[in-house]
Structure formats: structure tokens, C-alpha cells
């Protein structure tokens, strides 16, 4: 029986031992520097009995862990071995600047600095493994009180912080990078690959750090130096008797062997960094075995540390060989290899190692642990294995043979194979060695190649990889070859080697090799097989040293060979200094607080005595292995036995206590599902309550359910739109929605929707129809039909759903919710608890991102903590674990968009356009109906059709509820219309820009909603924006044509995308409350939530302008239902300006009251004092309640120019240029709006290329779970050249606009569709060049590497090494 380390670090195999190697858990023995004695070491052995005998007091560990945090030494008495550094920092030290983002090392929100040297993920480090270490958190870098650090200032003042949740992690990661040595622009863009930002689009972060730190030495900052704590010494450890866990830290290799070999059948877990055990193994069926389950250390294990052993921490070298211990991190190994110049194989190996995981993980994880994970996790593709193949690394390991430990050597591939086949009894990896020189001489030439293809360019596991090393004789024949092809069967690599050794690398040999590779793949027609063939071809091509540019570009990786990016911003022309401090660019007021970790979020507030933690128990895939159906049984007994669990609440408990289960804004979405209810993967079935965060999660996962398979007729059906719209708009029942879908007055669930008149329900679909400017109908009209399909995308806000409830006197509950809709949360909680609404006070200071995901999906968390707080009479908090959060919530609705269009072939005018949107709603349909209605309402974009008709429907499915996501419905709608235009241009054989221009609206044209362009506030600037962008487009089009002619396997495309995003200001009913204090300071509270869009800063500026005071005197308070009740939700891009208008109205009232005093006083403070002395009331309310009589009041216009490069062989995409031209009117804050434009662009890039979540239609199981499988864009995905220009001196013509501004949050996303269509142009060029195919084709959204590779029609016989 063989057991191995669970992580990336250590490997122990044997019937007696379970080796769970966590990130840095791999053992290696001290090596003599005399490598000439390596053969003698083969005979080294030691008696297991002696190892046990010489182990020092293995069973009497001490119970103190010493850790220095920000210069303060902490002695932790007997911490549980399950406690992570992140949890300890937040819960015990109250250092909440380190955030709970993903809990698996994939997002960087929890980044800290280890030993003043480098950045690591605190969520992946166990506290017991920190003995003797110094840790620097974001609080240790700087603060408002002690002075901000250079990193915090650079990030904040460079507008690199929006919602701010990720900002502390970025600051710390940058400091860690600086601590490591010389910082260059290239290193910043390469090694800041472990941090995700969902808001900014990365450009301001990158530029801020490059401007501040590239090629600049780290100045000494003695005031923030970190003291070094001392380990307790000896064989120390801790014991958690309640959970049956212990941790021992041996100080010699003999002691470690004694612990491993001498504990009978008691399970032993070798622990280092825990990156695999906590972060990865859960995605491979908990492949490293118990006690690690779902990334949690549960119970019943003895942990043995490895980093405490001095013999395991050396790297040695001789003149010609390098020996690296198994506990060496991947970062240190790569750095060591890079220090040897002149060797191609070392450089290639190091470069590929730099692509493993991310920088923080590489700083913790060991190379040996990665190999162990490759052996134990079926389907895991090891990039370390590919690199070691290139390096020709030899692995030294010890194993038990006839009662003795003996050492042996083998290749990395052999080691992994032996582990898989259980041929390494008691194996402990010790070291790797590599010859330093390449195999070059007068008779031979060597070549090394390694590459991988992933869902995105960095911080992503390989879909497939390749490590190839070839030695060629002077004759040109292949002397030797080594190869690893990850993602396909091992025999594929062996087939390659067999096909080329002894042969010349000509076209014939290469073709034979590629055929053999494909034939050896288990699925020869799969994308993985395509990649194995393609990557092998690239390696063989490189070995031939091609001198033809036509072929040579194939060797360049769009991911690994990215140049440093550049950017430009031209936005000041949209300012209006006369409105200062409004209408000018300025940094967010809370930017430095966010960058320093001082800005607090829902669960950052210190816990009070007795505070509880909650977590949802959800149905998982194992429960539905036999198919979906009704919940049959629900057993909470096991959950209640979890140490720390105090309660498990079910729907039956809710019904008994409150009279009903409670619903979340839709009758089909209950707070908890009960016995007999149809359920799906992600359905909430219980609320687990515990004394700490980890225990709540563990208890939730311990709830046992069974499902009785059955067909549910209510699923997979078209919903009645009248009912769905009524629910969506806040009505009740079918009668609440009229035929014209007006809804009811009050809370409009989908702000931004046109309400009266134009949207209708016809034939079970929401519809709009319009007859435009009369055009002569052409008898020769060309007609096209097609379909665009889009997958579900997730909101992936950096802060998962979080809430905290505190019981107050008189049965009042104060709820802190990460929310975009406090009023809806208040109403929902009151309904669940059967409380009057005034007993529920909901507050939100800020949310760590929203993007529509916290309009309705936040209601579950807010309701759950309220239930617990009401029942137990103590405070309760819930911070959803990332994977559970993603499994239990939906995202942007998947859609099928069918279009039909006709065009006059002579005038190129659009005759008809018809489109039918079908959105998949999940279990609750009201949100999807609203998103579909927006798709209909915005379906015309900038194009006039003589006859325009758009319809939408929603399909109810057994899956978590889908909901609005940034630019809901509109993103799909505009992409569909644009595809129809492309299709028409293809049918006419006309340049696309000519077809676009001929169908543009003109001034005087009416839209389907009655707005006349050029009248009543609807200025029309698309022609001007188009004219500004077109010259660059034509120039790049010619350059792209030249590029495509000169490159066989790389193709480029360029595209120009226009957009019109309409806004109806009557939709936002936003209150404001303003108070002026005696010292002249001002508090402003509005109904708008700060979710990163800069609402508070815009409101403060507008208030200061209206009052005539300095902006520094203004504070914008947390939005709260007891101060600003009954507000519309925050969303639709119009909340900021509407909240500003509400504040302006309140401030104008106060300004009028103060007018006389201001005239008579020399200072603002004197005027306020004088007014108060006269009894003037200096508190006022304002209410944004516009009713213009129009469905839409103005439009934000834009044009996006994109140039994209496609790797035909792999399907990878690189954005060469993205230039955005926007009409923002007079911007309320051009710096903030710039961030919204760039952030929207990058979120759209994810929608179009990297983010995909496939939902099983029968069970609701989602493919994208956590950061391992779901891939929002990262720093390495940003366009190489990103430019933003705001149209200068073009104030909004709408009289009711706020200071002549325009919305900025969502309009830019449609412009970003230019990247998708540019990629499509590149694919079209590839199809024609490689297959002679000029047919029209469809490309799905997202256009993943697999989709693009398939669409390029590349055949294996197209792959040649000589022309």
C-alpha cells in the first residue's frame, strides 16, 4: 500500500505512513559537495530501528509556537495544527488587512511577507509551521497613523484601488518583490502573477508600480523593520486533543526518520507549506487522502514538520553539477538555475518553472511536492516534470528495503511512474541533480524547449504541456531525445522519441512523429491531443533552428514571451474646472486606507464575546451521482459532532420558528430547501453554526443528504414572462404585470429598464418592435441567419458573500451586509424572521466588488446570519468559502442568441434585424427575465434597421439562480448584433467598416424607444468617435495584412466596435441625508453602495461644490436603511450620478439656508457657527426622483479599436492593442471613470476569452469551482498597448444629467467586443491561409484556446519545418 504527500513538498510511501506533503513537505538529505562520490552514496543505508532509537523524545512535544509579526514577538500556546496563519492573524491579532479571498492561494488577497524576504499566501501556511519565523502583514508596511509605505502610496495615488479588497495584497506582494532584489518592469509584470484584481483592469496597478519601483533600489525603512523571533528549540510541537491532531518539528534528519518509521500504523502527515493539501488536492478528489478534506485538516493525524531540519536546507554545486534539496522552493530552484548563464537548457527549465502556479505559491511550494502531486492526482499536469525533463534531472530518494533505508537515483518521470505504480515503499525524496553544461561540442548540438497552454496566460494549471530536449549530431541526425507531454498518455512522448532518434529532422520525420503522437493519445481527436501534436511540433521546429521568419514566429509563446506593456490616457478634456472639486480627476478618498488594509469590510469588524460563525450546507455532486431529484433525507448528526459546532438549522426549523422558510426575492428561491423539494448541486439545505470559521465550514460539509431521483416537469421550461417580470419588478402575481410590462411603482428590481409603452409580452416572450426611417425595400436584399452562444460567467467579486448580524435592544437586528441593495436585504430579512422592517437595520460601508452579484445573491448570507443572531441572541458572521460560494450561486446567464438580418447590397443599408434571446435562468427566473429584457431594450446598438424586432425568453433550470452581471443582457445583445453585421459583410464580400458605417443612425433618427438622436438631450457622437478611431484602424489593417503574409502560424486581426448605451435617469430613486457640524465638517449619507465605482468620492466632491466648502471637510458615511430608507439598488451604471444628485439637492437646501451667513463671514466655519447660533437647522434630505417622461434620457457612446494575435497551433490569444474612445460627457471624476473604463474592458476580456463555467442541465453542477478552475483575466492578459481617450469638451446635452456627466461603469464593456471580433478576423485569416476556407463561421463566447484552435482548421500535415 502506498501513501504520499498531499502537497507540493514531501513524499512518504508505505503501509505504515500516510505522507501528506503540503507545499514544502519534501525531505532531502545533506549532500557532500564532492559529486565524484555520488556512486558511493548509492550504497548508503540506515537501519529503521536505529532511526527510531535516535529520534529525540518524539512523543513529548512542547506546546509553544513563537512567531514575530510586524516586529512584535508572539508566543502562541498550543495552537491547533489546523489553524492557518490567515485565520490567526485575523481572529487573534485582529490584523484584518489580510483578506479572505479564496483560501487556496489563487487570488493573493491574503499575501504576507515571510522572514522579510518574499511574499507568501497566509491562507496556505499553518501557524504551527511558522515557529521562529517573522511575518510582515499589510499593517506592518504602514498606516495612516505611522505613515504609509511607498507601495501603499504608489498603488493608491496611481488609482490602482477601486473596491479595495485586493489592494493590501498587491501592496505586500510588491514589497515582497522588492525584498527579493532588483525590480524591473519585466519582473513586475511577470512576478506579480499571484494577485487578482476584478475592478481596475490592472493597468493602473502595473503603471503605478513600474513608475515607482522599476530599476529603483529599496530604500531602508528602519522604522518598519521586522525583528526576528526565535524558535523554541528542541523537538517542539503542539497537541489538539479535541480533534486528535498533533504537530512535531524534528531538528535532525535522523529524528525525522525516527518519527516517520517508528509510529506503527498511526497516520503521519509530513508538513511544509501546505500549498497542495490546502489549495489543490481538493480538486482531484482529495487525492492526498484524509485527514485533509476539501482543503481543511479535519481530525486524527500526527503532523511532522520538515523545514525544521537543518540538513534539508542546502544547495550545493561543483564545477559541472548542481544538487538541490527536495525542500527547496520552486522559486529558489528557478533563481539558482538562472544564476548559471550560457546554458540553454537551464534557462528553458528556469523559465518554465516560473510558470508554475504563481509567485507566492512558488515561494512556498517545493519542486518535490509538485512531483508527488503529479503522481497522486489523476489528471494533474506537472510543469515541474516538464522542466525536469528538459534539465535531464536525476532524483535521489530513500526507500525502505528489507528493514533498511537505502538511496537510489532515477529520472523524474521514472519516480512519478514508480509512485503511481506503488513501487516506492517508504520513499522519501532527497534531492535532484543536474549537469550544468549543455550537451554541445564540435560533433553535437543540443536544443531544449518547454511550453504549456492554459486557460489564461499565468496562474493557471496546464491544459497540456511539453518538455523536449534534443541532441543533434553534426550530420543533422538526432542522437538522443527526451520528452514529456502532459495532458495525454505517457506513451505519446515515448512515440515521439522513438520516431525522431536516429533520423534527420525533416518534414517527413516530423510528420511521422506527429502522426505517432496523435495515435498514442487516448483521445486522438481531443484538444489535448491537438496540443500534444502542436507543442511537440514547436519543439522539433526549434531544434531545426529555422531561419525563415514565416515559421520562426511559431516558437514565440504569447504567454511566456510577452513584452512589457504600455498605455496612454487622454481624459482631462472631459474635466470642467468650473465645477471643482467635482468634474475633475482626483484619487478616491479612501484609496490609501484601502491600500493599507485599514478600510473595513463586512466581516473585518472585531468579533464580540460569544460571536458565532455560520456557513451553508449545500448539495454536492456526490449527493446527485444517480441523477437529480427531490431531497429525501437530511441528517445533521455528524455535523453536530464536529468540535465547535453549536447548531445546524434546517428549513423545518425555520418553518417551526417563523412560520415559513422565507424566500430571497423570488418564490422559487427559498433560503433553505427542505425534504421533498427539488434540489440541485449548490442548493442550500442547512445553516451550520459554530464557534469559529473553519469549524462552521467543516460542520456544513458534514451534513449528510440523500436525493431521490425523479424528473421535475417544472424545469427546463419557458417561464411565463408576465409572472417573471412582475416578480422582477417587485409586483406579486400575474396581475401585477400589464401587457406593456410596466410593473408597479416602488422598488424596481432591474434598474435601467424601459418601463412604459415599448416592451411587450407576445407569444410568451418579452418583445420590442420598431419601424425606423423609411427606406426603399430592395428586391435583391441579402439575408443572413445565425446564432451566437455565450456561456455562464461568474461575478467573482474578490470578497465572497459576507454578512454579520448583531442583536440590539428591543429585538432590533443590525446587519452589516456586503450588498448592492440594502433595502431589499431589509425587506427580505424581515420576511424571513416575520419582523417589521423597522426592526431590521442594514448597513454597508463598502463591498469588495459587486458587478451585479450582490443585487440578489447576497440575500442568503444576510438572511442566514440574521436567523442565527435572532435564535441564539448573539452576533453571527458568515464569510462564504470561495468554492462553496461559487457552487451555490449562479452568474451571468448563458444565452442562445438567434439573429436574422437583411441588407440592401447597393446602399449597404440595414433593412431588417430580428433577434431572439433565450437565457438560462437557473431555479429562479425573475433576474434572468430582467437581463433578457435589457438585451431587448439595447438590441439596436448604433444601427438603424427599417424594421427592428427583438424578443427574449428565460428558461428555468435545475441550477443555482443566475442574475445580473455588469452590462446584463446588453453585452450579449451588442455582440449578437455585431456578429450579424459581420455576417452581412461576409455575404456581400465588403469590408466590415463600410457595412457598419452605412447602417449607422444619423441625427434625426428615432430609436425603438422613441428617442430622437440630436433632440431632447440625446446628443449623438458616434460619428465623431468613429472618425477619431478610423485612421488608426485603416493603418493597422494594412499592417495586419502584412503580418499575416509573413507568418504562417501566427495570425492577427483588427476590428472597430461602436456602442450606444442608453440611460434612463428616472429609474434611480436615491435618498440622501446631509449634516453640517459646528466645526464645519460635513457628513453625507446616500442610498448608493460603494462597490468600487468611486461613488463616495463623487458624492463628496458634489457636496463640497454645492456647499462651497473644502472637500476635506466632507465625509461620506456608510449607507444604512435607518438613515436613507427605501433606496433603489446600486447598479446599472447610474447610481453614482443619482446619488450625487440626491446629495446636491440636500446640500442645495443647506446652502440656501447658509447663503446670508456665507456672504457675511470670512470663513466657512464662521458661517456655520453663525447659522447655528441663530438656530438654523443644518441637516437636510434630498431625493433623486426624476420623472422625465422618457424611457431613456441620454446615451454614453464609444468606439473600441482592437488588434489581436492568435497562435494557430495552440489557440492562444494575445491582445496587441486596445484603444477605447468614449464620450463621457463632462466626467464627474475623470480618473475614477478611467478606472471604470479600463476595468470594464478587462472584465469583458474575461467574458470573451478566459471565463467559462459549464452547468450540467440535469444536476446544476458547475465546472468552475474556485480559483483552480475559474480564470478571470490577470496581469499577464492585459493588452500590450492599452489606450483610453475621452471625447473632450462634450458635456451631456441632457438637462437633467448631473453636472453634464454620463455613466461609465458598463458602456465600455461593449467596446471591448472589438477584441473578440479582432480574434475572429485572425481566425478567418488562418482558415483561408491553411485550409483555403472562406466560409462564414461561428465562434462561441468565450473563445477559449480550444474553440479558436478548432476554428482555425489546422491539420497536422500543415505543420512543416522546412519550406
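Positions of Cβ are set from backbone N, Cα and C atoms, glycine also.
Here's what TrEMBL has on this protein:
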type     : residues            : note
DOMAIN   : 63-141              : domain '2Fe-2S ferredoxin-type'
BINDING  : 163, 166, 197, 199  : [2Fe-2S] cluster 2 binding site
BINDING  : 820, 851, 966, 1132 : Mo-molybdopterin binding site
ACT_SITE : 1306                : active site, proton acceptor
| query | For the Mo-molybdopterin site given as 820, 851, 966, 1132, which other residues of the same chain have their Cβ within 8 Å of the site's Cβ centre? | reply | 850, 852, 853, 855, 964, 965, 968, 1091, 1130, 1131, 1133, 1305, 1306
| query | For residue 197 ([2Fe-2S] cluster 2 binding site), which residues of its chain lie six or more apart in sequence with Cβ-Cβ distance below 8 Å? | reply | 162, 166, 170, 205, 798
| query | Taking the mean position of the Cβ atoms of 163, 166, 197, 199 as the [2Fe-2S] cluster 2 site, which residues outside that list, in the same chain, have a Cβ no more than 8 Å away, listed in sequence order? | reply | 161, 162, 164, 165, 167, 196, 198, 200, 798, 848, 849, 1092
| task | Find the one among the recorded positions 163, 199, 1306 whose C-alpha lies closest to that of residue 820 (Mo-molybdopterin binding site). | result | 163
| request: Rounded to the nearest Å, what's the C-alpha distance separating residue 1132 (Mo-molybdopterin binding site) and residue 199 ([2Fe-2S] cluster 2 binding site)? Just drop the number here, would you? | output: 16
| query | Which number gives the other C-beta atoms within 10 angstroms of the C-beta of residue 199 ([2Fe-2S] cluster 2 binding site), all protein chains shown included? | reply | 29
| Rounded inter-Cα distance in Å - residue 966 (Mo-molybdopterin binding site), residue 199 ([2Fe-2S] cluster 2 binding site) | 11
| said: For a three-state summary based on DSSP, what are the helix, strand and coil counts in the domain '2Fe-2S ferredoxin-type' (63-141)? | reply: 18 helix, 26 strand, 35 coil
| note | Students should find that the Cα atoms of the residue listed as 'active site, proton acceptor' and residue 163 ([2Fe-2S] cluster 2 binding site) sit apart, in Å rounded to an integer, by 16
| Roughly how many Å separate the Cα of residue 851 (Mo-molybdopterin binding site) from that of residue 163 ([2Fe-2S] cluster 2 binding site), to the nearest whole number? | 11
